[in-house]
Amino acid sequence: MTATTGRRLLLVHAHPDDESIGNGATMARYAAEGARVTLVTCTLGEGGEVIQPELAHLTADRDDTLGAHRIGELTEAMRALGVTDFRFLGGPGRYRDSGMMGVPDNDAPGCFWQADVDEAADHLVAVVREVRPQVLVTYDENGGYGHPDHIQAHRVAMRAYELAADPAHRPELGAPWRIAKVYWNRMPRSVLDAGLAATAAEAAFPGTAQPADVPGVVADEVVTTVLDGTAHAGRKAAAMAAHATQITVNGSSFALSNHLGQPLFATEYYQLVHGQAGPGRPERDLFAGLDTTAPTPSEGNTR
Ligand SMILES: [Zn+2]
């Protein structure tokens, strides 16, 4: 089935849990408003650590079954957000978690960091041409914070954005589709500083994260778009908690396996990098300025 009218949002992420931390409120809000929300996750996060001691045997250096477990966590998180369309790039396990920058796993055959960008992008081109999103959300060129899988997710998403619109490229993957607006995930510095101070004061965790631990941090003026997801904060917290091997949620903060507290933001921030901004600054809606009710011009010649 090819969608032709209505709002459609595509998010591209590296590992299960990144979507809930970065965009959980956005995803819950648009899903609740009836938009089609599609998540593509590029790896199973096989290289992650595990918070619960009783599940420590799942890790790559022991049973190496964390990937399958994290599919279950992602499924539960999507249930919490009300998102039904979530997929893995090229299918589950097609690309393996590459580990943090500089570790030997970066060189392992089959890891996402070693993937050919054009080949990986074609899996996403097929999704773009099927779903026909008006809006794409992914990371900046540094993947937000330098993780190889996040950098690669950025490269693959931006390449797919180009290739999906090119009528000469792989016509068998579907009719060409131009995504109207592309956003990168952002965190304004002043918001982060205030949030970290509040987290430190709350002291729900033994320590507090540093700004460098948080992805996508930029000067406030770089942010173009502010998504108020306050009404969906509970859903976001539930989705994050569903990634129980990776995240501990405690009140208005959370921690990863380093047990350092971070603020759990119900408002999420973006930078528009392709397409026309809607009226007002900052934008308050990723679809601002788009007519998403009219049939698309190419509707007549698609499947
Ligand atoms: Zn990640």
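Even glycines carry a Cβ here, placed using N, Cα and C.
The 10 Å shell around the Cβ of H15 (Zn(2+) binding site) contains 25 further Cβ atoms across the protein chains shown. The Zn(2+) binding site annotation in TrEMBL covers H15, D18, H150.
For 293-303, the entry in TrEMBL reads compositional bias 'Polar residues'.
Per TrEMBL, region 'Disordered' is recorded for 281-303.
Taking the centroid of the Cβ atoms of H15, D18, H150 as the Zn(2+) site, the other same-chain residues with Cβ within 8 Å of it are H13, A14, D17, C42, T43, G45, Y139, G143, H147, D149, A153.
In three-state terms derived from DSSP, H150 (Zn(2+) binding site) belongs to a helical segment. For H150 (Zn(2+) binding site), the count of additional Cβ atoms within 10 Å of its Cβ stands at 27 [all protein chains shown]. Annotation note: H15 (Zn(2+) binding site) sits in a coil segment as assigned by DSSP. Around the Cβ of D18 (Zn(2+) binding site), the number of neighbouring Cβ atoms within 10 Å comes to 27.
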